[in-house]
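One structure is given below, encoded as structure tokens.
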Amino acid sequence: MNPIVKSFEYGQHTVTLETGVIARQADAAVLASMGDTTVLVTVVGKKVADLSRDFFPLTVNYQEKTYAAGKIPGGFFKREGRPSEDETLIARLIDRPIRPLFPNGFKNEVQVIITVVSVDPQIEPDIISMIGTSAALAISGIPFSGPLGAARVGYINGEYLLNPTVDQLATSSLNLVVAGTKAAVLMVESEAKALAEEIMLGAVTYGHDQQQVVVDAIAEFKAEAGKPTWDWTAPVQDQALVAKIKELAEAGMTDAYQIEVKQDRYVQVGVVKAAAKAALVAENPDVDTREVDNLLGSLEKNVVRSRIIAGKPRIDGREPDMIRALNVLAGVLPRTHGSSLFTRGETQALVTCTLGTERDAQKIDSIMGERTNRFMLHYNFPPYSVGETGMVGSPKRREIGHGKLAWRGMNAVMPTAEEFPYSIRVVSEITESNGSSSMASVCGTSLALMDAGVPIKTSVAGIAMGLVKEGDDFVVLSDILGDEDHLGDMDFKVAGTRDGITALQMDIKIEGITKEIMDIALQQAYGARVHILNVMDQAIGTHRGDISAHAPRITTIKINPEKIRDVIGKGGAVIRALTEETGTTIELDDDGTVKIASSNGEATKEAIRRIEEITAEVEVGRVYNGKVIRIVDFGAFINILPGKDGLVHISQISDERVANVSDHLEMNQDVKVKVMEVDRQGRVRLSIKEAQEKVAAE
């Protein structure tokens with residue numbers, strides 16, 4: 001074994017790249033470390049292309065092993081199962097910037113597997129995973145236009161911080177991940193606490209500048225450890241076929257893209273393509289129909305892009321900075337705790353909000369430690385939203401990613417547990433889609449939360465920006481359609497308030513996106529965001545003054561912490577009886593805080609009354625309504641409070657002489673008793689005759 005090792009300082013940590021020892025049968029394997037966080041990245045590519053595919057078959061699998069954190073998995077089988085949400089999100093984070101760096105026409109299957117084998121609880125594994133992936137692809141010999149760098153940027157006390165630790169991130173107003181090559185930014189993913197556009201853009205620039213040390217180090221690593229580049233050449237286009245397709249379809253395609261309604265437009269585009277294809281097959285039965293399909297797709301792309309660059313109206317007739325028509329409704333469903341219907345053009349989200357107790361919060365046990373998530377946002381994209389049929393079931397990677405982006409957009413304005421002691425689940429059902437459904441989910445979530453009475457700090461809106469760039473000419477598009485996303489050069493999603501940005505996601509497909517272009521996009525997005533917020537505020541401008549009548553109302557009381565065991569009871573018998581008999585949900589904290597949740601106010605009052613009885617202290621001199629629970633020769637034992645009994649001595653039953661207790665009292669008889677004394681051992685002495693005298697005096 002001849003290991004090749006490259007180490008360099010990166011921010012607060014030392015990064016080490018090593019190859020030549022582990023997983024030597026893969027095309028490339030790199031053991032990448034940042035501090036004590038270590039990942040094994042392997043790359044395998046098939047040497048033969050699958051020409052039947054019309055896409056690049058790249059798979060990125062990211063897996064966290066519990067042994068990396070010195071843990072044994074839970075569950076019956078005691079081994080890792082399907083990918084967690086965090087694993088899915090990091091796999092997408094790695095996939096997005098590397099995919100554009102493979103050459104057009106490359107159809108060989110490539111699989112990247114990232115395995116976290118050691119983790120420092122202060123160093124997230126995502127950045128080193130991206131660096132390790134870039135290094136492995138660089139040395140694999142597979143055609144790849146890297147190296148790629150990656151950085152996390154924080155913002156604390158007005159200064160940017162490179163690759164902050166977990167503890168530092170907790171106090172940071174920004175958590176931004178940026179990836180790019182030496183020349184260009186390719187991907188941004190971020191969450192922020194309503195920061196200004198210039199701060200966000202500065203963070204992107206700072207992260208890209210700082211990660212050049214990674215790009216340079218991987219280039220040196222490749223020079224020492226790289227395998228020979230594959231003998232692959234891009235497929236050459238048949239220029240005669242290109243010209244023929246242009247002659248047959250360009251005019252029809254141009255006319256089809258004058259149709260503003262998506263479904264009608266798609267039908268006409270399909271007609272144009274089918275006619276051109278039929279004409280080509282009639283002329284030459286041996287023509288490669290797959291190549292024809294690809295060239296028709298390229299023609300379609302050129303038609304749309306050339307119109308936009310020429311300054312002509314967009315597909316649906318809008319100018320570059322125009323927003324589609326908005327229709328905003330709050331409170332659209334009768335029994336949900338909060339709901340909204342947000343429609344922007346042909347994109348629509350039906351969003352619901354459900355309130356629950358602390359017990360309903362999501363418990364997450366990852367290799368980075370345990371955490372509780374009180375605010376959950378789930379995004380669903382059913383096939384009918386785009387007029388198609390398809391499988392319905394567990395959420396796909398895209399749905400998980402879009403839900404997390406919307407969550408990031410809202411998280412900065414959510415109330416604390418002290419301000420609003422509820423768990424909150426939002427579900428965004430995309431009922432129509434033609435571009436930027438994740439940003440529609442942000443808008444719909446803001447509305448649904450307000451409708452549910454959740455005291456969010458302010459409204460939040462989201463907008464998706466696009467870009468078409470040819471040479472030095474470029475056009476930034478506001479509120480892009482699905483076609484403009486697919487055919488454009490950039491997908492730039494921004495969520496935020498009137499005061500600043502709360503989430504920013506950017507995916508760039510080309511090099512040459514300058515700081516000027518990003519600045520224009522951010523400023524244009526700000527104007528669009530404010531316009532949408534103004535329309536949203538007309539539907540509901542602030543949270544409702546009260547929660548839904550159908551939502552559980554949480555009432556908080558305090559008891560003596562020493563009394564908690566009395567409320568719980570032996571084996572949980574007391575609290576179980578309380579919840580079952582009152583129909584409430586009861587949660588107890590070690591400090592004596594008791595939270596009672598119920599949508600029925602009377603049930604809550606009854607639960608409070610019974611808890612107060614259980615935890616009440618016996619007061620000397622007070623008269624209680626008691627029940628006879630045991631009769632003995634020298635008196636009777638009376639229950640005066642739950643778990644609190646006292647003795648009425650035979651001499652305290654009546655003013656008259658009592659020879660036989662049973663002549664005056666019987667089991668389960670209700671009697672009034674006065675507390676005469678509580679001794680040091682907690683024994684309670686009661687009197688019936690004193691109680692009668694006190695009642696008579698009153």
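In case you wondered, yes, glycine gets a Cβ from its N, Cα and C as well.
Here is what Swiss-Prot records for this protein:
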BINDING   D485, D491  Mg(2+) binding site
DOMAIN    552-611  domain 'KH'
DOMAIN    621-689  domain 'S1 motif'
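Take the binding-site residues D485, D491: by the count of other Cβ atoms within 10 Å of each Cβ, the lowest one is D485. As a whole-number mean, the pLDDT of the domain 'KH' (552-611) in this prediction is 90. Secondary structure from DSSP puts D485 (Mg(2+) binding site) in a helix. For the domain 'KH' (552-611), the DSSP counts in helix, strand and coil order read 32 helix, 16 strand, 12 coil.
Taking DSSP states H, G and I as helix and E and B as strand, the domain 'S1 motif' (621-689) has 8 helix, 36 strand, 25 coil.
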